[in-house]
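The block underneath contains the structure these notes are about, expressed in structure tokens.
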Ligand SMILES: O=c1ccn([C@@H]2O[C@H](COP(=O)(O)OP(=O)(O)O[C@H]3OC[C@@H](O)[C@H](O)[C@H]3O)[C@@H](O)[C@H]2O)c(=O)[nH]1
């Protein structure tokens, strides 16, 4: 039987007065959002997404998911600052200052169409106090006709970037299978989808072959922060080599389109600036970063080997420095380290003289770039996905410090506890080995072949990220 399309669904009498879930969410996003954000052209950003389908911004703000889960954790109660920011953004200042209501009654107007409802089930024969909560509704997803709905595997889908990609693909209405070893990923990033009929989470390591039927594979599995990938160099190499070979084998068998998440680190310490895809790089093949840099280079070589030899339909994204909510507090990269230190009133440790440069991209722009590349017809060469907002590490430390201070002064995040001295100043510590001295992508190709350009300013992304980490630290207390 042919599945009803979204249009035919809205034409049926029983459902015609009920807008499709994403439409309801969209209507909602026209209400005042939690925090308005402007893009690089000064226009308000209400949605994320590129040339394809857009998704309301409020849906991809993970802080809302955290709080929807919190609502069910009756012992945890967010502070008045958090509530006024995220739980009841439309409340008057007086209401925001009043004591928090019981946690089970906390509701966010911007979540009202997306909130979870929990139905308790008692078990016959068990004491009445024993009950299970079964999730019956989820964030809204688009209803796609079966023919348009793809079955998509995201390896590393519980990680920082992977979980945002999973969110976007789910909102767009696809069936998403996540394969993650939780080596650096985190189950809580996907908790809001567990139990959804379009979603499946598999604990597994890409270094082991797996039998699945899929239409597309986003292969993201690999620790990405220098601290994490150097912790177990051999494991990082096996993940990049054997893991990529296994996923390419799966793509070959299922005729799935395959996207490799490669990295700007394939350029090493570049002698060309900015770096175009045609530059072959300058990598130390046996230094402490080699496990990642060379691992990703061999992963690219494998990908194009399978494309030429076996006709696998491949895409390669070279991802430059990226940041955003859901980085873990101990991730070890520039943005998370500096934000967490500033929030805790601790020194921001700059390695070396702080004159190395990095170009920072917000995670929602990266996810848009990955989906646009996957959906494009460009398969012949890798494509840089990164921002051209280049700054020295020292300047990013100062920007992050002033972002935290101004959000604090505006009352958007909690002040430091009275007993905690504010020692959040830049502190220079010894340089790390083989740290690339400068990095900025040439994104001409991304613009030409997928029409992609970052929309988020670094400042708007940092504001979101600082609020997220402030909430994380508050909940960890
Ligand atoms: O606490 C810190 C963290 C980082 N840094 C410096 O900040 C710069 C950026 O460091 P990060 O650890 O964030 O990331 P790197 O640029 O070294 O590597 C990154 O490159 C691109 C991605 O593919 C990877 O996610 C990651 O490997 C480096 O110069 C580093 O030395 C500090 O000075 N202090």
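The backbone N, Cα and C atoms fix where each Cβ goes, and this holds for glycine too.
All annotation found in TrEMBL is predicted automatically rather than curated by experts.
Checking the ranges 1-49, 148-196 against TrEMBL, the region 'Disordered' annotation falls on 1-49.
Within the listed segments 92-120, 208-236, TrEMBL records region 'Disordered' for the stretch 92-120. Mean pLDDT for the domain 'NAD(P)-binding' (153-465) in the predicted structure: 97.
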